[in-house]
Amino acid sequence: MLLPILAICMGASVGALARWGLALWFGAGGFMPWGTLAANLVGGYLVGVAIASFHLLPDLDPAWRLALVTGFLGGLTTFSSFSAEVVTMLLEGRPGVALLTAAAHLGGSLFLTWLGIRSVQALAA
């Protein structure tokens, strides 16, 4: 029971630091919170890569899956920040930007998850 907990904690720590790094790199303010969008889009792509890779590696230790998906990608991506940012835009009277931000996160993440799966499938073919 200790190994899964450690795997998740280690992955989550690295993912959260990566998200923080993206927020610093993209900076605050501007048209839309680009760091949060980048974290969610990168996470969407990487979860697709992980899904397809795990399919090709059925004997992979479950601790790796926990570390990568539950831990790292759980720490990297952020639904709570996304929600807070969109609601703040609505409260500030910027419904168009709020809608665009929500569409970019949702549509972009779904597309990149699909692209991640297709990327691994193409490389494995």
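Using the three backbone atoms N, Cα and C, a Cβ is placed for every residue, glycine included.
What Swiss-Prot records for this protein:
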{"type": "TRANSMEM", "residues": "5-25", "note": "transmembrane segment"}
{"type": "TRANSMEM", "residues": "37-57", "note": "transmembrane segment"}
{"type": "TRANSMEM", "residues": "71-91", "note": "transmembrane segment"}
{"type": "BINDING", "residues": "Gly74, Thr77", "note": "Na(+) binding site"}
{"type": "TRANSMEM", "residues": "97-117", "note": "transmembrane segment"}
Listed stretch, out of 5-25, 37-57, 97-117, that has the most CB pairs under 8 angstroms to the transmembrane segment (71-91): 5-25
For Thr77 (Na(+) binding site), the three-state class that DSSP assigns: coil
Surrounding residues of the transmembrane segment (97-117) on its own chain - C-beta under 8 Å, 6+ positions past either end: 31-33, 36-37, 40-52, 82, 85-87, 89-90
Cβ-Cβ under 8 Å with the transmembrane segment (37-57): same-chain residues at least 6 beyond its ends: 18-19, 22-23, 26, 65, 68-69, 73, 76-78, 82, 101, 104-105, 108-121, 124
